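Inspection log for the structure reproduced underneath, given as structure tokens.
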Number of protein chains: 2
Amino acid sequence: MTVTAPKGFRAAGVAAGLKRSGALDLALVVNDGPSSAAAAVFTSNRAKANPILWSQQVIADGAVSAIVLNSGGANCFTGAQGFQTTHATAEGVAEALQISAGDVLVCSTGLIGEQLDRDALLSGVAAAAAGLGPHGDAAARAIMTTDSVSKTVVVEGPGYTIGGMAKGAGMLAPGLATMLVVLTTDADLPAAELDRALRAATRVSFDRLDSDGCMSTNDQVTLMASGASGVTPETDAFTLLLVDACMSLALQLQADAEGASHDIQIHVRGAASEDDAVEVGRSIARNNLFKAAVFGNDPNWGRVLAAIGTTSAAFDPYAVDVSMNGVRVCHAGAPDRPRDDVDLSPRTVILELELHAGDHAAMILTNDLTHDYVHENSAYAS
Amino acid sequence: MTVTAPKGFRAAGVAAGLKRSGALDLALVVNDGPSSAAAAVFTSNRAKANPILWSQQVIADGAVSAIVLNSGGANCFTGAQGFQTTHATAEGVAEALQISAGDVLVCSTGLIGEQLDRDALLSGVAAAAAGLGPHGDAAARAIMTTDSVSKTVVVEGPGYTIGGMAKGAGMLAPGLATMLVVLTTDADLPAAELDRALRAATRVSFDRLDSDGCMSTNDQVTLMASGASGVTPETDAFTLLLVDACMSLALQLQADAEGASHDIQIHVRGAASEDDAVEVGRSIARNNLFKAAVFGNDPNWGRVLAAIGTTSAAFDPYAVDVSMNGVRVCHAGAPDRPRDDVDLSPRTVILELELHAGDHAAMILTNDLTHDYVHENSAYAS
């Protein structure tokens, strides 16, 4: 059910012909209300795709009636023609649903620098609008690119529901990762509360996922509330439930990262601030040498220390403890238990750092660097 | 001849038994004067190896009589025992040559977090001291780790010579790259002038080499001047010659980067400042997706724009021109000539960006991300 699990939402997923394979490539999610409150966060990349430029205007008033998403092309760096395609897509949805184009968010994902087939896209929009129903699963499949599985979530609150779908498998880095995420709820909350909850939830979930350090041009996470449950939860309680939904989707994205053979959890503790903990974690998540070593099941903790030494976080590199899968291999900047004691064969790798510089902590999620990662990303355009 | 090409220098390269293979693994370079002026630059990584901590003290007075370098172990994060090993190495050289240990630089390279075999090291020092001569080539081979070839240079000035050797194949990132470099000259210049020349030369050569974004704990570039030519050049003219020598070595390092199949030159032009140009170039050099695309001969210029959009440099992403191997594939943020016109099959790839934001420029050197890179770095410790 995913995005159609909460009351007040319909969805569709169709094959518009944007993917050469003929697979589903266009999703439409409609909020039938009574509320049309919504919030969205966007990539922090300065190179923003046309649908981002459009959607940032749409969300400004906090009201959204529908969101249309296509795979098969990012519509980024496609000039005026590309922006017109995004605009025409929103207009197509508006016409089919008898709503305002200014209440229609647009998302695109795929190759940068290629024009989308506008006719195919608009035909797909018409077909999706005609096929709307409880089709959250089809919508979730329609936004997949190199994803091997669709990512969905449903969590239940007291009297209301949150549903969600996500796509993302490569170019996963914070701010956000390369992801399109649509979250729906039948809770009744105003746009400002949704915005606060969404920013709080993405900060500790999607923004902590850093598969390959590469930031996309098209990321968008949207939350729409229909109010159809008639329940108005406390924002804090709603936020916790939303964090749960977002973390579930983030872990699904990590588990399906392109070519990965290990899911790495980097737990940084004893930091002087949360920002420091995040910076330290990210420096490891972006270190190709460490990530290649994990691929080879090599507990090369020296590369961890070499990575964190490049940060400006407050700690003494010679006071740091490092554990890998429960074995403390480095204590106070010197060798501790033998590296041969570490078993890196499980898919999940737990890397723990104690900085001894304070009381703050953060977890960063990443993956190893593999032959398959290189292969998939060398062949993406073909 | 390399480091022994200038008058006043002797060198040796011996097998001390630090490498399991039995290959040469210890180099000694001695300055017989009359001058002992020297300068050195070190890694900017806060996680510094024991030989770095030692050498930073030695260079403080601008006088160096000898430098000893070992491969087969980085002596980093090895605690007090590791620092004592570095100290003992310098003492060993001092005793053999009847000089002060405070005039002996020490460099190490290899795996982090493992103790060096001190007895083997000291035996090697004694053997090297006994075998000193015009053996720059053997010294250059003794500092190799995963290098497939030794890197050497000799450039001639008016009445004086600069010689050099370098090692480095992985973990190549600025500040410096993972490199040990020894430059020698028989020019007669005081330490302060050598320091100024060396910093100017490394800034535009080794600091512009960014193979994989990973910064080492052990980097050191040393320049020693014997004054044996009796010639005191203008510092500016000497600096230009030194840049030539450093750039030659940097290009040799790039060409031998672990597992690389393409050498990528990133020319950033039209930047508002040189710092901006460098930041933009580095953002591309560290983008795994772009580098994997180059490995696959895929001119995916969208990934270039997605990378530079993450920088804080002053430019409009929608005003940028991008050319690959002479074909302008992106003009003003929109597609220009077809990507199929780009031939990425040559080893050297020329990526040119025009930011249209000013008059500054910089070149960054990097490599593609390949199966072999992943393989070599997953198996390093074994």
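Backbone N, Cα and C define each Cβ position, glycine as well.
As given in TrEMBL:
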type     : residues                                                   : note
BINDING  : A:Thr145, A:Lys167, A:Thr178, A:Glu258, A:Asn377, A:Ser382 : substrate binding site
ACT_SITE : A:Thr178                                                   : active site, nucleophile
Handout entry: For A:Asn377 (substrate binding site), the three-state class that DSSP assigns
Key = helix
Completion exercise
Its Cβ having more other Cβ atoms within 10 Å than any other among the binding-site residues A:Thr145, A:Asn377, the winner is A:Asn377
Exercise for the section: Report, in sequence order, every one of the binding-site residues (A:Thr145, A:Lys167, A:Glu258, A:Asn377) having a CB within less than 8 angstroms of a CB belonging to chain B; if no such residue exists, report 'none'. Expected result: A:Asn377
Exercise for the section: Give the sequence-ordered list of residues that share a chain with A:Lys167 (substrate binding site), lie 6 or more positions from it, and have CB atoms under 8 Å from its CB. Expected result: A:Ser71, A:Thr109, A:Ala140, A:Ile143, A:Met144, A:Thr145, A:Asp147, A:Ser150, A:Lys151, A:Met179, A:Leu180, A:Val181
Fill in the blank from the handout: Row A:Glu258 (substrate binding site), column other C-beta within 10 angstroms, all chains, value 27
Problem - DSSP three-state assignment (helix, strand or coil) for A:Glu258 (substrate binding site) - result: coil
